[in-house]
């Protein structure tokens with residue numbers, strides 16, 4: 001008799017995705033981050049659901065409701081810090097996942113890659129709206145500054161900003177709608193993840209060599225299930241350590257002050273995972289130019305497949321491209337540092353140079369070096 005997992009209408013979908021799925025035999029630990037992102041999303045949805053049971057999305061009580069969760073709700077502080085630091089883990093895994101895709105040429109699966117970019121935008125929007133909810137100083141001023149950027153859109157900008165605010169400033173209406181969207185978006189992200197996996201399973205996984213591995217496949221279970229579980233344990237241990245030992249390490253102290261529209265914080269900055277994009281935004285003195293650069297800093301990933309000039313897919317056997325890739329990582333770390341610094345000399349000029357180099361590396365240097373490598377290999 002055929003096993004039920006291969007015949008049952010629901011079980012056979014799970015079976016073909018997680019059990020009998022043929023997977024390349026050479027996948028390294030860099031392929032663990034997809035499943036880790038799934039765990040992060042599950043943790044965020046679960047902790048978020050329980051937090052929403054105690055949170056009130058009203059300007060008069062939002063800050064106090066978060067304090068109430070931390071002080072009076074059973075293990076409320078664990079929920080709150082798991083959710084806040086879980087977002088940081090989410091973005092660490094996201095950036096490593098995207099970096100893996102760039103390094104090993106996984107972007108050649110264009111549908112999977114483009115859905116991934118859409119997912120990145122959706123997660124960033126969700127995280128931004130979540131940061132507004134505790135209604136601290138940085139929540140309020142962050143929301144004011146970032147939503148105000150839309151006013152740079154010609155003709156409709158000002159009306160659009162007021163429409164999003166639900167008034168003439170960030171206020172009760174803004175907080176209520178941000179809570180509604182912050183609750184809704186993770187489920188949209190979960191649906192997009194399904195589409196992402198659907199397109200991935202149409203082609204099968206890439207592998208570190210970038211060479212088709214159809215002749216050398218192994219079943220996903222037990223080989224990669226056990227490997228993924230080890231990844232889960234390592235990540236959850238790191239998250240637990242962060243939550244239990246230094247829960248405020250990645251947060252902003254200003255957010256422990258209730259929102260005050262009459263008092264601007266000395267340095268308005270987003271959470272650490274947006275600092276690189278914030279640095280690119282600030283490096284252009286023109287408002288519209290800055291907004292365009294901000295969007296393009298992520299959207300540039302969409303044209304990476306078109307700029308692939310190498311005869312090889314992966315960077316595994318391309319030392320010059322590897323050097324450029326790690327140069328790009330160094331630029332992103334520099335931008336992250338600059339985004340958290342005040343707008344003064346020498347930070348401004350460093351940010352501008354790093355921003356120019358970021359776009360130049362992706363759009364010019366990488367395709368040129370790939371062509372050079374082709375010639376060196378006489379291809």
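Glycine residues also receive a Cβ, built from the backbone N, Cα and C atoms like all the rest.
Source: prediction; values computed, not measured.
Feature transmembrane segment, per Swiss-Prot, maps to range 347-367 of the set 263-283, 347-367. Residue ranges 55-76, 77-98 are listed, and Swiss-Prot annotates 77-98 among them as transmembrane segment. Residue 196 (heme b b566 binding site) counts 21 other C-beta atoms within 10 Å of its own C-beta, drawing on all protein chains shown. The Cα atom of residue 201 (ubiquinone binding site) lies nearest to that of 97, taking the binding-site residues 83, 97, 182 as the candidates. Segment contact is absent for the transmembrane segment (347-367) and the transmembrane segment (77-98), given fewer than three CB pairs below 8 angstroms at sequence separation of 6 or more.
Here the C-alpha separation of residue 196 (heme b b566 binding site) and residue 182 (heme b b562 binding site) works out to 21 Å. Annotated pair residue 97 (heme b b566 binding site) and residue 83 (heme b b562 binding site), C-alpha to C-alpha distance, rounded: 21 Å. Long-range Cβ neighbours of residue 182 (heme b b562 binding site) (same chain, at least 6 residues apart, Cβ-Cβ under 8 Å): 48, 126, 129, 130, 133.
Around the Cβ of residue 97 (heme b b566 binding site), 20 further Cβ atoms fall within 10 Å across all displayed protein chains.
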